[in-house]
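So the structure is just underneath, and the comments pick up after that.
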């Protein structure tokens, strides 16, 4: 013998749906960091390729009495600037080729392999970008100020447009260097913390 008791539901009580919070996966911030990595890579591409293009198109000619005797300042007159253009183009090309690995880091934020690969190559190309930016900055400094001890004259008084373009290229390259440093730090944080 069993007894069942049926209790009718009251129509006066409003029923709501219970909200069940999904448990947060530890390290969910890594996906946001990966998205920021992708955006910073796009900015670094613009800075590096902009620096290479600006330096590569820097050219100014000053006529002197006749059309046959002219003074010319061009990026290919300086081996440092040639090194700068080649290196910044390589850095920009690397950053373009690193975008798929950055996308993999967005899709799989807990994967260590792509981030480790990026951190190693980012460090290599940071070294190249820093070397070329620093050497070009030294030449631009000499072009602006000269050096009295070695009798190097400042050429920016005569070649103002050339100096403005080369200075802008150096500033853009240092922006790319700063972004690469940020990318390395962010990748190291993503690898280091669980």
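Along the chain as shown, residues are numbered 1 onward.
A Cβ is built for glycine as well, from the same backbone N, Cα and C atoms used for every other residue.
Automatic, uncurated: that is what TrEMBL annotation is.
Predicted, not measured: the structure shown is a model, and the values here were computed from it.
What TrEMBL records for 31-179 is domain 'Casparian strip membrane protein'.
Through the fold, the transmembrane segment (38-58) approaches residues 73-75, 81, 84-85, 88-89, 91-92, 95-96, 98-99, 102-103, 105-106, 129, 133, 136, 162, 165-166, 168-170, 172-173, 175-176, 179-180, 182-183, 186 of its own chain, all at least 6 residues removed from its boundaries and within a Cβ separation under 8 Å. The feature transmembrane segment is assigned by TrEMBL to 38-58 (among others).
Per TrEMBL, transmembrane segment is recorded for 78-104 (among others). Panel annotation: around the transmembrane segment (78-104), residues 34, 37-38, 41-42, 44-45, 48-49, 51-52, 55-56, 58, 111, 114, 117-118, 121-122, 125, 128-129, 131-133, 135-136, 138-139, 166, 169, 173, 176, 180 of the same chain, lying at least six beyond its termini, place a Cβ under 8 Å from a Cβ of the stretch.
Residues 37, 48, 51, 55, 78, 80-81, 83-84, 87-88, 90-91, 94-95, 98, 101-102, 105, 152, 154-156, 159, 163, 166-167, 169-170, 173-174, 176-177, 180-181, 183-184, 187-188, 191 of the same chain sit 6 or more residues outside the transmembrane segment (116-143) yet have a Cβ under 8 Å from a Cβ within it. Sequence annotations record features per position, and here TrEMBL assigns transmembrane segment to 116-143 (among others).
Same-chain neighbours of the transmembrane segment (168-191): 30, 33-34, 36-37, 40-41, 43-44, 47-48, 50-52, 54-55, 58, 84, 88, 91, 105, 109, 112, 115-116, 118-119, 122-123, 125-126, 129-130, 132-133, 136-137, 140, counting only residues six or more beyond its ends whose CB sits under 8 Å from a CB of the stretch. Among the features that TrEMBL reports, transmembrane segment is placed at 168-191 (among others).
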